[in-house]
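Down below is the structure, laid out as C-alpha cells.
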Amino acid sequence: MHQLVLIRHGESTWNLENRFTGWTDVPLTPTGVSQALSAGRLLKAEGYMFDLACTSVLQRAIHTLWHVLDEMDCSWLPVVGDWRLNERHYGALQGLNKADMARQYGADQVLLWRRSYDTPPPALAVSDPRCERNDRRYAGVPAVPLTECLKDTVARVLPFWTQVIAPAIVSGKRVVLVAHGNSIRALVKYLDRIAEADIVGLNIPNAIPLVYELDANLSPIRHYYLGDADAAAQAAAAVAAQGQA
C-alpha cells in the first residue's frame, strides 16, 4: 500500500479578508503559521515520514511546507516547487471580496466562479498591474493564464501528477504535497473520479492533512483527514460559506 498526504496551506491574509486570491502571492497570517505548525506536530505524532515534498511557487504554500517540515525535524527534505500546483487563477476577481461579489452578482454566480468545473471568472487584462506575465518566476511558463476554471487547473495539475508524484510513489517514496484549495480539488477529482457536476460540493480546509491510501495501481483504497473529523468537516463548511453575501 502507498500513501500520499495532501495539505492546503494555512490561513493567508486574503483568506482572513475573504478575498479571491488566485495567483496573488500573499503571506500567511499568524493563525496560518500556527495551523501549519499544528499540522506538522500532528504528522510527527502519528508517525508519518516523507521522502519528497511538493509545493507551488506561492509563498503561502511554500511557508506552510517549511513549518510542517520544521515541526517534523526534516527541513532537509528534497522539495519540488512547481507553478502547476498554484491555486486556480481567479482572473479579474483577484483581490476582490467574495461577499461583496455575492451582493453584486448574486451568490449563485459567485458559487459558479468559485466551485464549478468549467465556468471561469472574467479574465484579467494583460495591462492590469495584477497580471503575472511579467513575474520572473513564470519566465518558463508557455502561457501564463489570465483566468482559469477548475477544468484548466486539472489540465496542469494532472501532468505534474503523472510526471512527478506518481513515479515517486511507485518508486517507494513517501510524498507530501502542500498546495491550494483548487489545485488539491483538481487532484482529488482525478483520484476519486468525482463527476464534474459533483465537484462543486468539494471544499478543502486549511492545513488539515488529508491522507490517501493507494493500491499498487495508485487507485484510492480510502482517504481521511488526520485529527478531529468533526473539526475538519466544520472547517470545510466554513470554506463553502465564504462566497455568501
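Backbone N, Cα and C define each Cβ position, glycine as well.
According to Swiss-Prot, the feature active site, tele-phosphohistidine intermediate maps to His9, an assignment based on sequence analysis. The active site, proton donor/acceptor feature in Swiss-Prot is assigned to Glu87; the stated evidence is sequence analysis. Swiss-Prot lists 8-15, 21-22, Arg60, 87-90, Lys98, 114-115, 181-182 with the feature substrate binding site. Feature annotation from Swiss-Prot assigns site 'Transition state stabilizer' to His180; the stated evidence is sequence analysis.
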- Query: Which has the fewest other CB atoms in a 10 Å radius around its CB: Glu11, Glu87, the listed recorded positions?
  - Reply: Glu11
- What kind of secondary structure is the residue listed as 'active site, proton donor/acceptor' part of, going by DSSP in three states? coil
- Query: Far apart in sequence but close in space: which same-chain residues, 6 or more away, have a Cβ under 8 Å from Arg8 (substrate binding site)?
  - Reply: Val178, Ala179, His180, Gly181, Ile184, Ile204, Pro205, Asn206, Ala207, Ile208
- Alpha-carbon distance [the residue listed as 'active site, tele-phosphohistidine intermediate'; Arg88 (substrate binding site)] in Å: 14
- Item | Inter-residue C-alpha distance, Lys98 (substrate binding site) and the residue listed as 'active site, proton donor/acceptor' (nearest angstrom) | 16
- For Gly22 (substrate binding site) and the residue listed as 'active site, proton donor/acceptor', the CA-to-CA distance in whole Å is 5
- The number of other Cβ atoms within 10 Å of the Cβ of His9 (active site, tele-phosphohistidine intermediate), counted over all protein chains shown, is 30
- Message: Tell me which of the recorded positions His9, Glu11, Trp14 ends up closest to the residue listed as 'active site, proton donor/acceptor' in space, Cα to Cα.
- Response: His9
- Work out the three-state DSSP category of Arg8 (substrate binding site). strand
- Message: On a simple 10 Å Cβ count over all chains shown, which one of the recorded positions Arg88, His180 is most densely packed?
- Response: Arg88
- Mind checking which of Gly22, Gly181 has the fewest other CB atoms within 10 A of its CB? They're the binding-site residues. Gly181
- Secondary structure at Gly181 (substrate binding site) (DSSP, helix/strand/coil)? helix
- Trp14 (substrate binding site) has how many other Cβ neighbours within 10 Å of its own Cβ? 21
